[in-house]
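Enquirer: First the structure, then my questions, so here it is.
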Amino acid sequence: MAKQEQRFDYVKIALASPERIRQWGERTLPNGQVVGEVTKPETINYRTLKPEMDGLFCEKIFGPAKDWECHCGKYKRVQHRGIVCERCGVEVTEPRVRRHRMGFIKLAAPVAHVWYLKGIPSYIAILLDMPLRDVEQIVYFNSYVVLNPDNHSELQYKQLLNEDQWMEIEDQIYAEESDLEGIEVGIGAEALQQLLQDLNLNEESEKLRQEIAESKGQKRAKLIKRLRVIDNFIGTESRPEWMVLNVIPVIPPDLRPMVQLDGGRFATSDLNDLYRRVINRNNRLARLQEILAPEIIVRNEKRMLQEAVDALIDNGRRGRTVVGANNRPLKSLSDIIEGKQGRFRQNLLGKRVDYSGRSVIVVGPNLKIHQCGLPREMAIELFQPFVIHRLIKNHSINNIKQAKKLIQKNDPLIWDVLEEVIEGHPVMLNRAPTLHRLGIQAFEPILVEGRAIQLHPLVCPAFNADFDGDQMAVHVPLSIEAQAEARMLMLASGNILSPATGQPIVTPSQDMVLGCYYLTAENPGAQKGAGRYFANLEDAIRAFEQGSVDLHAWVWVRFDGEVESEGESDEPESVVAADDGTVTKTYRFRRIRETEDGQRLSQYVKTAPGRILFNNTVQTALIH
């Protein structure tokens, strides 16, 4: 069947009417039979391993379990496409229809939807203008509610009555001289449905607008809240009584699968257990109503049905959580949808993509700002197609299979080819949450040992990253255009300024500031080798590396260049004349030797190996 392109502007989520829910699951077969209602709690027949008819995996309702084959086996093969078997009523089609065909359960008694009853705010309580506690008392069969007080002087509309009060009123109604006829009292979700049906939304909306104009403070805020809910119902053309369910949709069986394990046992989705509880209780309630069982038994069964539906929709929202084997709470429909591991965040918003990887980040201070350290293990996996292509093209490997074998064996040739492939091929690094465009940047990969991604410390502020266990994702741009775009627009060395403020975002912080401070700090406690003289800067560094001079020890180093020294007096602290006519002037941080006519012969600077290292690093960076 050709797929039709359906254009739409937006997706709207609204309340579904009972008719709409039936429509989702109901289908009419060519013989006129209407199917869709799930009436049996059975899943599959454990002898034949075929789905039970009218059960939770019924082939008549949801479609065939095997390709082009009906339940009884009368029709097999694709040539019978579209035929509905006269014997078993199963349409001969592909089993993938079991991923979207729905069913429904017709409830023997109305049930309140737990989202609208126990959600925050409780929309049922807001619409009825009753406290949530009172609404719960009605739904779970603890209190009666007055639906029609008629001419009784002591009763009011929506008033709650306990068992004793209702029995007292019943006695008054059935007394011989009584003129009380029209009094109506209800309990359970049926009573709630009646109250919601009696609501005239347009009238309520008008009345509330008048009341809001006259009131203020807390009362006004409460009225506005109620008006907003009523206006939303009017706007979406939904009816309040739809918050009480008469029909429950059954999601397609392939979305709640049952699979056979090696030992012959079955693993099943939690939803099947929850649906089974609902069907069992619903069937038992229908049977009790048929045989006109005592009211107290019927009422208890209705309460149990309400609790079963609550558990199916949102297990644990109210009352005891339904648990399965090992005391593990069963996963309800809400649990599947909500949260980080739910359908939206896990599968729809954040899909797994090919040519991507993820690992912990560690600092790579030896990297250039536009580079990142990519673990070899990760790189060979991400760049595999490029490596295979290069192997076949240049290294007399005949086919992909051969190339893959080389990769699996970790042949030394592979690493040389990988080095060639990644040269000039940028990768993109992303750290969640990506709050601005600098949350994903391009880097040139450098192969490193280990399993951690190395990141230049200066790009951390842009990613809001630190090295306490943060993870980052790597993505490989595949096409030439994507690579060019990554290099031109996204390379880290081109994203120096914040797009939001225009201020530099690549600023040294934390470890780098501490390192700079430590190199240049004064430390009177570490003065090993202090006072020594060195012919040049390299000699001083070598002495430090050999351990004969401390990092912070004050030493004299010959340096004939210009020296800027703040806080140093122009007048020397001492002047010493030598026999050869030369003069040595000693300042706070310098010692200069001059001829008689003032010509400089040599200059020694008082510094520390740490400061020499800092100076060399800055100079090298500026030159390159």
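Numbers here mean position along the shown chain, with the first residue as 1.
Backbone N, Cα and C define each Cβ position, glycine as well.
Swiss-Prot lists CYS70, CYS72, CYS85, CYS88 with the feature Zn(2+) binding site, giving sequence analysis as the kind of evidence. Per Swiss-Prot, Mg(2+) binding site is recorded for ASP466, ASP468, ASP470, and the stated evidence type is sequence analysis.
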Enquirer: ASP468 (Mg(2+) binding site): which of the binding-site residues CYS70, CYS72, CYS85, CYS88 is the nearest Cα neighbour?
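Expert: The answer is CYS70.
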Enquirer: If you count the C-beta atoms lying within 10 Å of each candidate's C-beta, which of the binding-site residues ASP466, ASP468, ASP470 ends up with the smallest number?
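Expert: Among the binding-site residues ASP466, ASP468, ASP470, the lowest count of other Cβ atoms within 10 Å belongs to ASP468.
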Enquirer: Nearest to ASP470 (Mg(2+) binding site) by Cα, among CYS70, CYS72, CYS85, CYS88 (binding-site residues)?
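Expert: Smallest Cα separation from ASP470 (Mg(2+) binding site) among CYS70, CYS72, CYS85, CYS88: CYS70.
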Enquirer: Whole-number answer please: how many Å between the C-alpha atoms of CYS72 (Zn(2+) binding site) and ASP466 (Mg(2+) binding site)?
Expert: 63
Enquirer: Looking at Cβ-Cβ distances, which residues of the chain lie under 8 angstroms from CYS85 (Zn(2+) binding site) while being 6 or more apart from it?
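Expert: Result: CYS70, HIS71, CYS72, LYS74, TYR75, GLU91, VAL92.
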Enquirer: Taking the Cβ of CYS70 (Zn(2+) binding site) as centre, how many other Cβ atoms lie within 10 Å?
Expert: 24
Enquirer: Report, in whole Å, the straight Cα-to-Cα distance of CYS88 (Zn(2+) binding site) from ASP466 (Mg(2+) binding site).
Expert: 64
Enquirer: Taking 8 Å from the centroid of the Cβ atoms of CYS70, CYS72, CYS85, CYS88 as the cut-off, which other residues in that chain fall inside it around the Zn(2+) site?
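Expert: Once CYS70, CYS72, CYS85, CYS88 are set aside, the remaining close residues are GLU59, HIS71, GLY73, LYS74, TYR75, GLU86, ARG87, GLY89, VAL90.
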Enquirer: Give the sequence-ordered set of same-chain residues, not counting ASP466, ASP468, ASP470, with Cβ within 8 Å of the centre of the Cβ atoms defining the Mg(2+) site.
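Expert: Same chain, not in ASP466, ASP468, ASP470, Cβ within 8 Å: ILE361, ALA465, PHE467, GLY469.
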